[in-house]
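Read the structure below first, then the notes.
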Amino acid sequence: MIVVLFGSTGDLAKRMVLPSLYELHRRRLLPSEWTLIGNGRGDRTDDEFRSHVHDSIVEFGDDGPPSESDWQSFADRVHYAGGGFAVDDAGQLPDVIERARSEIGADATLVHYLALPPTTFAAYTEALAAHDLAAGARVVYEKPFGTSPESFTELDEAVHRALDEEQVYRIDHFLGKESTQNLHVLRFANGLFEGAWNAKHVEEIQIDVPETLDIADRAGFYDATGAFLDMIVTHLFQVAAEVAMEPPTSLGADDLLDARQAVIAAFRPLDPAEVVYGQYEGYRATEGIADDSSTETFVAARLWVDTDRWHGVPFLLRTGKMLDRSAQRLSVVFRRPDGPLTKLPADGTVLTFDLAGDGAIQLTLTVKRPGSGTDLDVARMEVPLDTLGDGLPPYARLIADVLRGDRSLFTRPDGLAHVWEVATPVLQHPPEVHPYPDGSRGPAAAADLAGPGGWL
Ligand SMILES: NC(=O)C1=CN([C@@H]2O[C@H](COP(=O)(O)OP(=O)(O)OC[C@H]3O[C@@H](n4cnc5c(N)ncnc54)[C@H](OP(=O)(O)O)[C@@H]3O)[C@@H](O)[C@H]2O)C=CC1
Ligand SMILES: O=C1O[C@H](COP(=O)(O)O)[C@@H](O)[C@H](O)[C@H]1O
């Protein structure tokens, strides 16, 4: 297997892709014969690139500096091909690939990872075809796959001129999180939940991803993108689809992918009146951000899923930068049962998937407080997923899936095409942007979107 990492000197490569490849190597999860070729527009020697890879692993890997023996066996397989890569000039890449093929086999599968600015995806795809590097290859696209409905369609067409859909892996790393995958396992493995996974029993779904992070490192990218495209129509929609999907025929790759894409087609186009935008007060003072920027750094939205299962159940989505805390929580809020007990708390039965870090599943229940009488209390139990085994970080997990040829945790163009239809009313009529203090909970207007129990 020959992994070509385009954009290998960039931010994502440094933070995620290179440390993940090393993690897979350390855990012996890479194929027995593999080579990594970093690509970029500048010129570097193999050793200079290896040194960059080492620094990335030390800074962003999970386990600190690599051991000498693990590092040496990794570094020996790392090469660099400079001079860029374009239709009219392929730079050094074809020669470096030829050398790799002569070492590990002429039939080695090519995996191209496009860790590049999204505006360059189409041009690099065309260049792969032009230089005969597309046939039989797997190609990984970072997010966002298109930055508008029009650019999505153009990119999709460019990709399918060069590749069959089976060759394409569009990454959304929230699908690679352990807790996200546990959503369908927990639901379909436990009658307790599958029987109650519908509008009769569920009051609302909340997907809440507040971040304390600012955008200083990525001002240019962020100001052109905003929270709605960066997080809502990508990660939060995909997670919503994981919750909302109908039972797939099996948990096999194609069936899971089908089920997720099918339910996205039932997402109702968002109503701008049900979307709140905010911008943190210090945003415009950031270097690289215009004094009058109206980019949203916070979004709260009420999404409806038009299937019988979810009729009338709001999916409340919220995310923002520079908030008072960081969390990634998906909560299924169950309805209060009719019956002899009155004055039940609105959030007295909640199943929560903590998507951050190693992940956890929490169950909040209304119980009787010990003692005389029937005083109620709300208690929470938790299963931290790392107590059950050693999971892989999301990027490592998804890269391992690409290497195995498993597309179940990737996105598909039919689903993405509908995502743009759902987003269009908001893109055409963006809501007013409410300022919010740095380190706060976001604009007060967002509170009104939530149901009787408020945001959890
Ligand atoms: N950074 C992050 O945290 C995340 C990023 N992503 C996605 O990953 C992809 C890469 O992001 P990121 O690494 O931050 O991006 P960068 O801006 O760091 O760009 C990556 C590399 O692309 C190369 N490049 C090739 N062609 C061009 C070009 N025409 N203009 C500019 N650079 C070019 C550059 O390398 P060289 O100069 O060597 O050619 C650059 O270092 C994007 O699609 C992004 O949306 C997704 C999630 C998180
Ligand atoms: O893709 C992105 O995700 C991160 C949050 O993801 P994490 O799980 O790695 O913390 C977000 O901060 C960033 O803005 C967005 O581009």
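Cβ coordinates are placed from backbone N, Cα and C, and glycine is handled just like the others.
As annotated by TrEMBL, active site, proton acceptor applies to His235. His235 (active site, proton acceptor) carries a helical DSSP state (H, G or I). Other Cβ atoms within 10 Å of the Cβ of His235 (active site, proton acceptor) number 23 in total over all chains.
Under the heading substrate binding site, TrEMBL lists His173, Lys177, Glu211, Asp230, Lys321. In sequence order, Glu211, Leu213, Asp214, Ile215, Ala227, Tyr280, Thr297, Phe298 make up the list of same-chain residues 6 or more apart from Lys321 (substrate binding site) whose Cβ falls under 8 Å from its Cβ.
Taken from TrEMBL, the feature compositional bias 'Low complexity' covers 439-450. Remote same-chain residues near the compositional bias 'Low complexity' (439-450) are listed as 204, 206, 210, 212, 274, 276-278, 298, 300-302, 316, 318, 320, 322-324 (criterion: CB distance under 8 Å, separation of at least six residues from the stretch ends).
The region 'Disordered' annotation in TrEMBL covers 431-456.
A count of other CB atoms within 10 A of each Cβ picks out Asp230 as the most crowded of the binding-site residues Glu211, Asp230. Note: the region 'Disordered' (431-456) comprises 6 helix, 5 strand, 15 coil (DSSP; helix = H, G, I, strand = E, B). Asp230 are the binding-site residues among Lys177, Asp230, Lys321 whose C-beta comes within less than 6 Å of an atom of ligand 2, given in sequence order.
Here the CA atom of His235 (active site, proton acceptor) lies 11 Å from the CA atom of Lys177 (substrate binding site). Calculated from their C-alpha atoms, the gap between His235 (active site, proton acceptor) and His173 (substrate binding site) amounts to 8 Å.
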